[in-house]
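What Swiss-Prot lists as transmembrane segment is 46-69, 135-158, 175-199, 273-291, 330-353, 369-395, 417-439, 517-535, 575-596, 643-665, 707-727. Under the heading [4Fe-4S] cluster binding site, Swiss-Prot lists CYS559, CYS568, citing sequence analysis as support. According to Swiss-Prot, the chlorophyll a B1 binding site annotation covers HIS654. According to Swiss-Prot, the chlorophyll a B3 binding site annotation covers MET662, TYR670, on the basis of sequence analysis. The phylloquinone binding site annotation in Swiss-Prot covers TRP671 and rests on sequence analysis.
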Amino acid sequence: MASRFPKFSQGLAQDPTTRRIWFGIATAHDFESHDDITEERLYQQIFASHFGQLAIIFLWTSGNLFHVAWQGNFETWVNDPLHIRPIAHAIWDPHFGQPAIEAFTRGGAPGPVNIAYSGVYQWWYTIGLRTNEDLYIGALFLMFCSALFLIAGRLHLQPKRKPSVSWFKNAESRLNHHLSGLFGVSSLAWTGHLVHVALPESRGIHVRWTNFLNVLPYPQGLGPLFGGQWILYSQNPDSSSHLFGTSEGAGTAILTLLGGFHPQTQSLWLTDIAHHHLAIALVFLIAGHMYRTNFGIGHSIKDILEAHTPPGGFLGRGHKSLYNTINNSLHFQLGLALASLGVVTSLVAQHMYSLPAYAFIAQDFTTQAALYTHHQYIAGFIMTGAFAHGAIFFIRDYNPEQNKDNVLARMLEHKEAIISHLSWASLFLGFHTLGLYVHNDVMLAFGTPEKQILIEPIFAQWIQSAHGKSFYGFDVLLASTKDPAFVAGKSLWLPGWLKAVNDNKNSLFLTIGPGDFLVHHAIALGLHTTTLILVKGALDARGSKLMPDKKDFGYSFPCDGPGRGGTCDISAWDAFYLAVFWMLNTVGWVTFYWHWKHITLWQGNAAQFNESSTYLMGWLRDYLWLNSSQLINGYNPFGMNTLSVWAWMFLFGHLVWATGFMFLISWRGYWQELIETLVWAHERTPLANLVRWKDKPVALSIVQARLVGLVHFSVGYIFTYAAFLIASTSGKFG
């Protein structure tokens, strides 16, 4: 008899119902739960899957380059980045009528195309690519890398090439290689590319493989490096009249500390970026030689952690036993990695718009909005995942004996204090912020807007002033010409930085007022509530006063039967599930704030945000309703336009979102009864009853239906906002 899906679980494979399929899919990547799994095979499978993941990423990026080279307008765009719309790829759709063909034929293309809002054109332009041939070469190289990683993944599954568990658990060696190799060497290589290829290209000098060895990136070559005159590399930078991509106004410096932005491109100086990467490379190359491996020199992480005992003995045994706990738990390691990656992704969102690194990207408003929103949503999902795996660690990998009285045990012991403090912070923020918003709404509704409670964010304004913003009149630190910090930095990076901070055309240190104060606290409410749900889920994952034996039921369980009331919805998975709703809510507020603030800034109408953002009706009417007008009337009997597809996606997003509630509100019994009725009808319908199934159809489990509901809710929510964001921004600014 042929083996049935899933091969990794004989118990599931023999299940006579459709549960076999859904549970099979749900546990396909839960390698720990598979039949015949060993620790060694677990590590090897994950290792091999990493190569597959990298292969997919390289294939995807190769596809981006290939399609732009084939169907885009990169070479035309390069000649006029501010006025030509970058094309992502062509569209072929049999449903398009003449109005659609005309609407989507733009950017100088012969037929319908999609416009790129990803910023890749600006990135490729900044790093020195100029022709379609450059793009094709890049695509082929990445395709080669993709194939290489697939072969490497397969190779490491061969018996002779499988690494041992001890190799995987050699934390010091892995850290050294990742710090030095992954971050250090790659940053150094990137500095090399910027200095040898991107910088000359920005100054009108074309460097490729043919002349790579003949063109000196700096007139004196490596002389200043070996002569100890490093400052020479920063002398004669590009002037403020430099035209990017030409020799007009260009300098010869390669590593600078100018601060601020290139006046024409409105992006960071390329020489500053090269300098930054060189510094990063140096730091990580040193960091990658810190840990003790075969040579008996350097730090032992275990020794550091064991020695890290708090003074006075008040806080227990500190970090004792942490090394083994972390090193033997993949979920702990994944939780730490996801937490770090989540924070970094959110930082990318914040820095890409405030300190744009790519030439002309700051003037492409739709791209700026799309990139900010994209990275904040990604960050939200990654951060919630960190807590999910933290909870799984507590259930599957945590050993109370091994961690007696250390920092982990003490976190669990005083979890009530942690959770109740978070709860208090959430309630405080929620009631006060909502109270202020609602008060202001009532005042406007009753015709007395002067009675609004408007609080100036003076502490935040003071911090902005300390960084050099003079608008508020605080004579402090860099905002004061007499301050020692101001005097010390005057000859270095300060002139460029101060010019940028006080320029109203960019997004660096935006001017803030009462509307910002309120929405800041609304976002703080969202962050604290999301954190409360996630932290509670992880700290209560092993057990609570209500259910002391919770860990025995695993990560996701619906309830412990009817005889034990109140055990529904309290699994660690349920906490994750609830937190995702709050995370989406929070990211929604963050992106609403960012987008509204910026479209009023870009339109030269900052007063609209300042006046309307202090009460809820202002947000609903002057941000959401006003900017969705083109989407609500997106296509009609009289024709269509370039926004029609976004109007349709706006509608479709709402539909997907609403479908989620069907799974979230009605439970298993309803669906089981419905399925049985449909099966009865199917078996009695001519022709239809020729089709049979081997598995008896049964309803999804409670946990699975929640997941399906959550996925629909999330996808619909994001689709709806993505369509709104792109249409409302591109409709205004093109």
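Placed from the backbone N, Cα and C atoms, the Cβ positions cover glycine too.
Worth saying up front: this structure is predicted, and the values here are computed from it rather than measured.
Annotated features taken from Swiss-Prot, shown on the structure.
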| residue | record | Cβ neighbours (10 Å) |
| --- | --- | --- |
| CYS559 | [4Fe-4S] cluster binding site | 15 |
| CYS568 | [4Fe-4S] cluster binding site | 13 |
| HIS654 | chlorophyll a B1 binding site | 15 |
| MET662 | chlorophyll a B3 binding site | 13 |
| TYR670 | chlorophyll a B3 binding site | 11 |
| TRP671 | phylloquinone binding site | 16 |
Nearest to MET662 (chlorophyll a B3 binding site) in three-dimensional space, by Cα, is which of the binding-site residues CYS559, CYS568, HIS654, TRP671? TRP671
In the same chain, residues at least 6 away from the ends of the transmembrane segment (575-596) whose Cβ sits under 8 Å of its Cβ atoms read 353, 369, 372-373, 376-377, 379-381, 383-384, 387-388, 391, 516, 519, 522-523, 526-527, 529-530, 533-534, 536-538, 540, 609, 613, 619, 623-624, 706-707, 710, 713-714, 717-718, 721, 725, 728-729
Note: vs the transmembrane segment (707-727), the recorded stretch with the largest number of Cβ pairs under 8 Å from 46-69, 175-199, 273-291, 417-439, 643-665 is 643-665
Given the cut-off of 8 Å on Cβ pairs that are 6 or more apart in sequence, determine whether the transmembrane segment (273-291) and the transmembrane segment (175-199) share at least 3 such pairs. yes
Mind checking which residues reach the transmembrane segment (46-69)? Cβ under 8 Å, same chain, six or more beyond either end. 31, 87-89, 116, 118, 120-121, 132-133, 135-136, 138-140, 142-143, 145-147, 149-150, 152-154, 156-157, 163, 168, 330
Alpha-carbon distance [the residue listed as 'phylloquinone binding site'; HIS654 (chlorophyll a B1 binding site)] in Å: 23
